[in-house]
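Taken from TrEMBL, the feature region 'Disordered' applies to 1-20. Summarising the annotation, TrEMBL assigns domain 'HMA' to 46-112, 128-194. The annotation transmembrane segment is assigned in TrEMBL to 298-321, 333-355, 367-389, 550-574, 594-616, 920-942, 948-969.
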Amino acid sequence: MAPSRSRDVQLTSIAGAEDDDAGDLEEVRLLDSYDSRDGIDDGGMRRIQVRVTGMTCAACSTSVESALCAVDGVITASVALLQNKADVVFNPALVKDEDIKNAIEDAGFEAEILPEPSTTGKMPHGTLVGQFIIGGMTCAACVNSVEGILRDLPGIKRAVVALATSLGEVEYDPSVIGKDDIVNAIEDAGFEGSFVQSSEQDKVVFEVVGVYSLIDTQVLEGVLGSIKGVRQFRFDQISGQLDIVFDPEVLSPRYLVDGIEGGSNGKFKLRVRNPYTRMASKDVEESSTMFRLFMSSLLLSIPLFFMKLVCPHIPMIYSLLLRRCGPFLMGDWLKWGLVSIIQFVIGKRFYIAATRALKNGSTNMDVLVAVGTTASYAYSVCALLYGALTGFRAPVYFETSAMLITFVLLGKYLECLAKGKTSDAIKKLVELAPATALLIIKDKGGRSIEEKEIDSLLIQPGDMLKVLPGTKIPADGIVTWGSSYVNESMVTGEAVPVQKEVNASVIGGTINLHGVLHIQATKVGSDTVLSQIISLVETAQMSKAPIQKFADYVASIFVPTVVSLALLTFFSWYGAGSVGAYPEEWLPENGNHFVFALMFSIAVVVIACPCALGLATPTAVMVATGVGANNGVLIKGGDALERAQMVKYVIFDKTGTLTQGKASVTTAKTFTGMQRGEFLRLVASAEASSEHPLAQAIVEYARHFHFFDDSSASNGWLFDVSDFIALPGKGVQCLIDGKPILVGNRKLMAESGIDISDEVENFVVELEESARTGVLVAYDGIVIGVLGISDPLKREASVVIEGLQKMGVRPVMVTGDNRRTARAVAKEVGIQDVRAEVMPAGKADVVQSFQKDGSIVAMVGDGINDSPALAAADVGMAIGAGTDIAIEAADYVLMRNNLEDVITAIDLSRKTFSRIRLNYVFAMVYNVVAIPVAAGALYPSLRIKLPPWVAGACMALSSVSVVCSSLLLRRYRRPRLTQILEIVVE
């Protein structure tokens, strides 16, 4: 196998490998965003996400939504401008995926159906999903353009492009089109394209250090060829990137690293390439490109203004500029040459983007810039040619087009920086992942014989890892040895370090503070908590709040309206001048009515800014989701934010939400003279086979009574049990020594025909009125005793309830407990409205009962047993989910087991939408005021006139101002209860 001498990557197939099998191994799902509502919805409806390329403003997104809603069978359609993504719910019996794609393309945009999330990560047979970095995109129109081009390629099933991350995910048929063909198509469209990597176990991408020559390449190929299980590999000598397709049944990525490094005698060093690192570098590269273009335009514009403003005061230089050189003056030649470079070289991107938009039948900001600068440039060139032919020297406005492009590029650069700030949350989460880990290698006897540093991306489930003090925990796992405190604030938002001992679970990315820990990895890669959080934040930042529909409608008519206003401005001023409606003194030197009117119309075109409207909502939502993640509040999307800020009722589940979820026996009383130890032994024997939390609390209490703190005691002290039956909502029953024993509530006793004496009833009532649950025990048909079980309230419960009431939110408690216990708990925390004896399935009915009058209802539960209610609520909040992030039913995931985060979630939502409204006011006021001023409305009375280049500067800075306004949300601080409750701390 001779190595390739070209700059392109080399693809080598290992002998005996099947091409089809190798293709199957390239399946990739790097951009999967979790959304439980994707796929097949209830009632046979289907939900898909579509990448829409070519949108540059809210008008474009409105056009796409209208086109989708017009398709027969489409139920709902929502389009997110910043993320260039459409979410469509439709009836698969009436419309197909391809029909939706065609509808968007018929509207003039590019569409690509995105891969649906899958629990297995596998794509349909015969298709692969590849991840590509796409450089050069500056706006939503670029995204739409790339998506449209990719979707038109043969063999492409779906294509999604994210502007914020410069990342594209493409599902394609490898028998029809390859990765290189996709990259070539992206580059042919005027963008930079490169393949990233695969997330499947059979595809891995390495960075190789130590390959410096052709001989090194041959050695690398020889080593790879000798490793059994390697099916294909591709090595790029320029970048040092090595792509390997392998058989996961034969080897693993870590074995590959060991095999290559060992086969080269340590000459080659390999490191798994992290796609997020590449994306971050691309973001920096994009900002650098915009800065370079801006500086180039600025440096070329400075001589123009020097010739216009300074040179007339320097006779020697000015005389040189006035020297005739052919048909034009020397100064005219210089201006024309400098501006032509700015207009057609530096400003080429605006022409390309405008051409794409017009080709797709849409208009955007690039169209306005191209029209304005071309009008100024074309007039100046015509004026020069006219002066050369007639001898009449008319004024030229080369400086206008030059400065307009300069200021627009400045705005684009600042916008890139600002948008980068909005995605800081994801970048910070990615940075939490440690680069390396200490792998503990053990012998067959289980003794540690070696410690080896490995790439954290090579960790496998079951690996034993050593975590030193002050280092990051490399993966989710279980502590097998050691004791320490771990700082989990970067993941859960909880500032207090958490003690970790043997059998405690740990989260990857958190910091071990003091002691040495040995952990066994349980979840790696995309299964870790950190990866799930990143996925959730990405999904939220790509969502679209309903309030954005207003901006979409305005933007849909914005550009045509502005062009019409510009034409009206031109003909108004030109017509007025032709009939002498204003004095000749208003005209510029050597100017005429045509030039005078043209400058006003150009100013109107370039000062209008639909971008500010389009950015008002998505930027605020992106920042808010990032701020929420930093505070341990994970938000599913903009629609959840909008609903949460209007919440009227918050329904709390009792157990595990208002209470600590740690039941304990507080009282044990017998009524037949039986010894307490014997009584507890009977009860514990009956409950030992139950998995109910109350049963476990009873068993632990009995064990402690007999053995104190000896947790190692076996179950040999328990009686033998037969015919055990668990009765949900009632208790348990079984036989001990042939006699029936029942442990449960009144309902169980009544159904079994067991009488409850007044003494027993009064004792149970006393327990219930003190917020404890009474558990009755009957043996051989007689009630022999009662257990009192308590689940302590969370310390912050009462003040959070009071805080919600101060915020105008009405709290409600729902529980399956009896009414007396429920009322006692509710009274203790200050809740007036209580729904007791409600089974888990009935909690959703309770939620719906509060929604009947149109009120927005939030449900707060543990996210597992309360899933139906969480899904039924307008805003579902899963609290204390920890490592079991219940995002399937909830709109909010409160990582900390703290009720204060309920207030934080609602307060953040309110603050976010206050900021969104302010953004809309700013954007609307800017356009309403700026356009008339640019059109010359104040010129007759105040002689105020905006030169086109000043109008361009205003346009460029307007969208930046909106983004910066949204960035102020980064200063958000969670509310203090002392402020909400108006408590004065002395």
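Glycine too: its Cβ is placed from the backbone N, Cα and C atoms.
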Are the transmembrane segment (948-969) and the transmembrane segment (333-355) close enough to be called in contact, which here means at least 3 C-beta pairs under 8 A that are separated by 6 or more residues? no
Restricting to CB pairs under 8 Å, which listed stretch, 298-321, 367-389, 920-942, is in contact most with the transmembrane segment (594-616)? 920-942
Mean predicted confidence [pLDDT] for the domain 'HMA' (46-112): 80
Could you pull out which residues elsewhere in the chain have a CB under 8 Å from any CB of the transmembrane segment (367-389), counting only those six or more residues past its ends? 327-328, 332, 336, 339, 343, 347, 350-351, 354, 357-358, 395-398, 400-401, 404-405, 408, 559, 562-563, 595, 598, 601-602, 605-606, 608, 948, 952, 955
Across the domain 'HMA' (46-112), DSSP yields 22 helix, 24 strand, 21 coil
